[in-house]
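Undergrad: TrEMBL feature annotations, pasted as is:
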type	residues	note
BINDING	Asp9, Asp11, Asp180	Mg(2+) binding site
ACT_SITE	Asp9	active site, nucleophile
ACT_SITE	Asp11	active site, proton donor
BINDING	Asp20, Asp95	substrate binding site
Amino acid sequence: MAGIVVVFDFDKTIIDLDSDNWVVDELGVTDSFKQLLPTMPWNSLMDRMMKELHEQGKTVKDIEGVLKRVPVIHGVVSAVKAAHALGCDLRIVSDANVFFIDTILNHLGIYDCFTEINTNPSYVDEEGKLRILPYHDFHTCSHGCNNHVCPPNMCKGLVIERMQASLAKEGKKRMIYLGDGPGDFCPSLKLKEHDYVMPRKDFPAWKLINENRHLIRAEIHGWANGEEQQHILLQIIKAIIIHEERQFLSVDSKFQTIPINAAHHEALPKALSVRY
């Protein structure tokens, strides 16, 4: 299996909008959201909106119903399934939340394609109210990232660094990162020369990456729509697999240069026989 890890953002990378805005708009609390937005961090505001929806009599089932209607980027489901079938390790790093992401992925039938989902925690409390918490608890301490575009509740760059440390131990060599927002710029800075970054064209991550190309070590491949995303992603994956197979065959062919007489060859177990 190819030692490739594919990391997806979620909002505007798998689904075609912001899941927080979608739920707020569809359940009718947009005005309250806009009024409170200047007064608190986004993550805290979403928790507040869940409380307001609960007070209005909206249930977790109502939220689930809205999430199951969310517009999905065309082609992304088949791209995820194809990348998974090719042996890639698929993960998500998102500033959405566990409940939203799990609900949508399960509805799309691709939840089991992902080995890891890194996002803001969420749970349903004893009153039946959905609670949304920060990934990094910024109420007690800062996550310490100096990148001004990272929100206080989540630095995706730190998540990628943690992944890279563990992947080195697992022998996985390459990472492909797909994202669109300003928060996807920081993880792009963490990628290595043998990695790939796929920013959505004309979105904030694309703009920041193009303005700071001298800081990006990974190979950059932009995409504008689902068809391009699928085509480019699978093209990169297949190119890596072919390259690794050629490297393996090149190493394997070195066995052919080892001189060996016929009698010695007959004595070798099949597993060690020279391959012609």
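Glycine is no exception: its Cβ is also placed from the backbone N, Cα and C atoms.
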Undergrad: For Asp9 (Mg(2+) binding site), which residues of its chain lie six or more apart in sequence with Cβ-Cβ distance below 8 Å?
TA: Ile92, Val93, Ser94, Lys156, Leu178, Gly179, Asp180, Gly181, Gly183, Asp184
Undergrad: How many neighbouring Cβ atoms, not counting its own, are there within 10 Å of the Cβ of Asp11 (Mg(2+) binding site)?
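TA: 23, counting other Cβ atoms within 10 Å of Asp11 (Mg(2+) binding site).
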Undergrad: Give me the sequence-ordered set of same-chain residues, not including Asp9, Asp11, Asp180, with a C-beta within 8 angstroms of the centroid of the Mg(2+) site's C-beta atoms.
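TA: After dropping the recorded site residues, what remains is Phe10, Lys12, Thr13, Ile14, Ser94, Gly179, Gly181, Asp184, Arg200, Phe203.
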Undergrad: Could you state the CA-to-CA distance between Asp95 (substrate binding site) and Asp11 (Mg(2+) binding site) to the nearest Å?
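TA: So the Cα of Asp11 (Mg(2+) binding site) lies 8 Å away from that of Asp95 (substrate binding site).
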Undergrad: Taking the Cβ of each of the binding-site residues and counting other Cβ atoms inside 10 Å, which one has the highest number: Asp20, Asp95, Asp180?
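TA: The largest 10 Å Cβ neighbour count belongs to Asp95.
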Undergrad: Cα-Cα, whole number of Å: Asp20 (substrate binding site) versus Asp11 (Mg(2+) binding site)?
TA: 9
